[in-house]
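Asks: Structure provided below as structure tokens; questions to follow.
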Amino acid sequence: MSYRELIAELAREHAEEFSDALLELGALSVSVEDADADTPDEQPLFGEPGLTPDRTAWQRSRVIALLAPEHEPAVLLTAAANEIGLEAAPSFTVREVEEQDWVRLTQSQFDPIKIGERIWVVPSWHDAPDPEALVLELDPGLAFGTGSHPTTRLCMEWLEQSVQPGQSVLDYGCGSGILAILAKKCGADPVYGIDIDPQAVESARHNSERNRAEVTYGLPDACPTGEFDIVVANILSNPLKLMASMLSSKVKPGGRIALSGILARQADEVAQVYARWIDISVWREHEGWVCLSGTRRESH
């Protein structure tokens, strides 16, 4: 069985309600993308906890709807346009989508990832390219963190260079557990991972068991008291600023902290908040994202 993919471009103010109308009229799925993606006019668009996004769609939005064989694209498009009061239906193209083995197709899109000097992140359906390397077995899943995002990569490279055997580590905002697992494999002990999402905590526990890495996970109310040799938090800039006092207090005097999920243009603002307790600066930048690193001062 083959499906059809309807692709239309709309102005920002119509994209969301047009997508909703397509779903109501029977589209199997709808996604919205930046019509200027991979061009100089591409626009980043995301929100952070505690902040309201200033936009909910791109200036030129591409709406992509997957249609069952019985749906006529032009008829569906016209009906959706009428539903939201457009004077005319937008121009569109149609692409045939053949039935596929979606599991196999998805797996083919995820290869082992080399990070730093000796780290490999390997999906379960692949063999490690270098058996002597520091291997983390992780499958793409519901929790953030498989090593492909620049911020995860930056934190992993920092941990590889920073963790010494026997040091205590706190991964705040642990997601999939990838950073906590890496810290453990680098010799840290004990290692704790904290996340606000119960599903992420369960995912992290599963990943730690698969990697035979002993890490204690929990929600924020289970965060251990006391201080750590190393604290790492790969979240976003606004939550990092809001939690600056708490995260800084978790670092031992003389201990180190790494922060990411920060765009390069946000680095100074985040660093200024932490400067009250931490001697902090940009450690490394990658693809427009940065990792801040610092040491807690002995006098605080």
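Note that Cβ sites are derived from N, Cα and C of the backbone, with glycine treated the same way.
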Asks: Among ASP130, ASP189, ASP195, ASP197, which residue does Swiss-Prot annotate as binding S-adenosyl-L-methionine at the site that also has THR152, GLY173, ASN234?
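Replies: Record source Swiss-Prot; matching candidate: ASP195.
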Asks: Reduced to three states, what secondary structure does DSSP give ASN234 (S-adenosyl-L-methionine binding site)?
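Replies: Its secondary structure by DSSP: strand.
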Asks: Within 10 angstroms of the C-beta of GLY173 (S-adenosyl-L-methionine binding site), what count of other C-beta atoms is obtained when all protein chains are considered?
Replies: 25
Asks: Out of THR152, ASN234, which has the highest number of nearby Cβ atoms, where nearby means within 10 Å of its Cβ, if these are the binding-site residues?
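Replies: Result for the most crowded candidate: ASN234.
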Asks: How big is the S-adenosyl-L-methionine site in terms of the longest C-alpha to C-alpha distance among THR152, GLY173, ASP195, ASN234, in angstrom?
Replies: 15
Asks: If you draw a 10 Å sphere on the Cβ of ASP195 (S-adenosyl-L-methionine binding site), how many other Cβ atoms land inside?
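Replies: Looking across every protein chain shown, the total is 25.
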